[in-house]
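These notes concern the structure reproduced below.
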Amino acid sequence: MPSDWGRSDVADLARSHGRSAPSGGDAAAFTRQALDRPLTPEIAVQLALLNNPGLRRDTAELGFAAAQVYDAGRLANPVLSAVRLSPGDPTAANASLTLGIAVNFVNLLFLPANSRFAGAQFESAKLSLASRTLNLASEVEAAYYEAVGAEQLAQMREAVAKAARASAGLGQRFFDAGNINRRELAMEQASASQAELDALAARAEAIEARSKLHRLMGLSSSQDVWALEARLAEPLPREDELDALSKLAAESRLDVASARKNAEALAARFGLERRTRLINGIQIGAEREKDFDGSINVGPTLELELPLFNWGGGRVAAAQASLAQAEASLDEAVLDSGNEVKLAYAKLVSAKTRAERYRDALIPQREAVVARMQEEVNYMLVGIFELLVAKQQEYEAYAGYLEAVRDYWIARAELTQAVGRRLPSSDQPVEATLDPAELTRPKGAAAMDHSKMGMPGMDGMEGMDDMEGMEGMESMPGMPGMKSSQPDSAPSNSGHAGHGMKPGKGPAMPMDHSQHGQSSTPAKDAQSGDHDMGDMPMPGMKHEMPAPPRRRKDVEQPVIQEQPHAH
């Protein structure tokens, strides 16, 4: 019997391809220690190789192949026969007794060939088990990246929902003040509800991804106490060439090697069956016969099965069918190997390109939009709702980047599985990617450092989650319960061009947002609380905007009747 049923050989094969399970020690103790700290991909793989019940079942199947090797190397047990015949003559003193022993000559004749066939089948089984071990490791890696990415996306979707709730709350305040109509309020509330639904769906996907990883690691429901690393790493700067990976896969795929070994063994078996199809049962042995008169006769025996009705055609056909099946399986494995490498490589390149496009183009552009729109809100050129929409779009860009990074690492795990070994480019240093908690933190608490990712700082982030930093809204006319710092002599119905603030007396002044679709927030002077735009610079504008004249308390300000916007 092969030592340990060939398990050590399987472990050596997996180790030579970049995967290894913890050796020695107590598996339960290792599991407890591993769950006490945040999981890494390597620890998750080791836990799966130790605890996954499917892998343990496949390992147990290796015992069948080991048993066949043992049986093929042993002769069949001899057959002992005994015959006692009583004499028909009562006067006879002795009975006839015949003793014989015989062995299966066919088994003896084909013992070397059977041993070679069983050994080849055993090697094929070990290669197949090692291949399944590598596949499990890659599946665990992909599930790990999926779980981390899903958790990051859930956090980001929850941040988007929080910003949408804040926007809807602000819309309710504007509606109560009479500054927006029911349609605009319903749009804000619907946007908030959709963001809530997206956040709930993202959280459900995160729970499902965590459950999948938990099951692959072979952990029970009571062991669901582990934590993941906070975030994924950025895509690697350098990738392997496709031609090199295809060549490496042709040399490294253990499932292809297993199929080839099995086909070679069945080819030898088919040739043997075809040559020996007429040789069936042959028994050789010896007999000792003691006759009635006491005489003893000894001699050899031979039992031969005559091929009169069955010429062994069935055995030959079965061997030929098994060979054809094995050859087809080999061709399928070779084709799958090449196609899987190309597909996984294409997915890797696509995900990396998307991540780089998000990181280098869309995210900086969205951040710039938010920064410029923040300035325009301060100048009352756009409304606060437009700023909130821009902030939500910025969050969507972050979410898209996280999805692309997640897809990159999943594709890389699939490429590792397709190649059949650890990729040569895996030794590069990695850096952590975006942290949703850091992205959604107000600037007053912590500023982001994008120096390593080519991303500018997130200006305009302040207070977007809790709607703080909007003190300038207090001075907007038509907001009940809010103080206005305008001089008493200045008419409160002077309005701001472009927002359709209608003249007339009264505490509430409706805004017409048919042009912008949103309302606006004036800038607030840091010292006095007055909204003075005269000394505020306009970065990014080609021409200097002249400061409006100061209002004098002793001069009556004319009331300008504004024309309604044309629709």
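For all residues, glycine too, the Cβ spot is worked out from N, Cα and C.
Keep in mind the model is a prediction, meaning the values are calculated, not measured.
In TrEMBL, the region 'Disordered' annotation falls on 1-27 of the listed ranges 1-27, 271-297.
The list of residues near the compositional bias 'Basic and acidic residues' (1-15) in space but at least 6 beyond its ends in sequence, with Cβ under 8 angstroms from a Cβ of it, reads 21, 23, 49, 59, 62-63, 65-67, 69-70, 122, 125-127, 129-130, 133-134, 137, 254. Sorting the compositional bias 'Basic and acidic residues' (1-15) by DSSP state (H, G, I as helix; E, B as strand; all else coil) yields 13 helix, 0 strand, 2 coil.
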